[in-house]
Amino acid sequence: MDVNIAPLRAWDDFFPGSDRFAQPDFRDISKWNNRVVSNLLYYQTNYLVVAAMMISVVGFLSPFNMILGGIVVVLVFTGFVWAAHNKDALRRLKKRYPTTFVMVVMLASYFLISMFGGVMVFVFGITFPLLLMFIHASLRLRNLKNKLENKMEGIGLKRTPMGIVLDALEQQEEGINRLTDYISKVKE
């Protein structure tokens, strides 16, 4: 299946008035996770642009450490995803606690980069954009268009880069399973 790049959303959609932002319900982790995944899919190109701008600024100031940090993060993430597919304990951790899994990847990357002395570049160039994405995705309420786009991605009508990353973290399967359960209930 072809991978489609999601469109760049309008700035007033990405950052509307304060009425479209709300604190997530921390007691209902699955609902919060659903909001984050939905927003990551819907605003993925906006997140990529913001992260690219931040990475470019930090990379301009310290190019070697930025390239080193990027390589380490990609290698550690790939290694953890590979290990999680081959070890059941890691697979369960990744599926049940995706945020913890990403934090472990970031901490492992941090310790590897600290051996080379580029920790501040790592913090501001790589981790800070990820933190901003997570905060925005957690606080931004979804609209109808967002929900529709996510359903299309969930049932396989569209395939995007963020969808591939979320599949690697096993965050898409749950939504597809819920959708198929709903469809089978409707048929009955």
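If you go along the chain as it appears here, the first residue is 1 and each next one adds 1.
Using N, Cα and C of the backbone, Cβ positions are placed for all residues, glycine too.
On the 0 to 100 pLDDT scale, the topological domain 'Cytoplasmic' (1-35) averages 81 in the predicted structure. The topological domain 'Cytoplasmic' annotation in Swiss-Prot covers 1-35 (among others).
Per Swiss-Prot, the feature N-acetylmethionine maps to Met1; the stated evidence is similarity to another entry.
Per Swiss-Prot, transmembrane segment is recorded for 36-56 (among others), and the stated evidence type is sequence analysis. Distant neighbours of the transmembrane segment (36-56): 5-9, 14, 66, 70, 124-126, 128-130, 132-134, 136-138, 140, 142, 145-147, 149-150, 153, 160-163, 166, 171-172, 175; these residues of the same chain sit at least 6 beyond its ends, with a Cβ under 8 Å from one of its Cβ atoms.
According to Swiss-Prot, the transmembrane segment annotation covers 57-77 (among others). If one looks beyond the transmembrane segment (57-77) by at least 6 residues along the same chain, the residues whose Cβ comes under 8 Å of a Cβ in the stretch are 105-106, 108-109, 112-113, 116-118, 121-122, 124-126.
Residues annotated as topological domain 'Cytoplasmic' in Swiss-Prot: 78-93 (among others).
The transmembrane segment annotation in Swiss-Prot covers 94-114 (among others).
As annotated by Swiss-Prot, transmembrane segment applies to 115-135 (among others). Long-range contacts of the transmembrane segment (115-135) within the same chain, counting only residues at least 6 positions beyond its ends with a Cβ under 8 Å from a Cβ of the stretch, are 36, 40, 47, 50-51, 54-55, 58-59, 62, 64-66, 68-70, 72-73, 102, 106, 109.
The annotation region 'Targeting to endoplasmic reticulum membrane' is assigned in Swiss-Prot to 136-188.
If you look up Swiss-Prot, you'll see 136-188 (among others) marked as topological domain 'Cytoplasmic'.
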**Message:** Please count the residues of the topological domain 'Cytoplasmic' (1-35) that DSSP assigns to helix (H, G, I), strand (E, B) and coil.
**Reply:** 14 helix, 1 strand, 20 coil
**Prompt:** Using DSSP, how many residues of the topological domain 'Cytoplasmic' (78-93) fall into helix, strand and coil, respectively?
**Reply:** 15 helix, 0 strand, 1 coil
**Item:** For the topological domain 'Cytoplasmic' (1-35), sequence-distant contacts whose Cβ falls under 8 Å of one of its Cβ atoms, 6 or more beyond its ends
**Value:** 41-46, 49, 98, 137-143, 149, 156, 158-162, 164, 171, 175
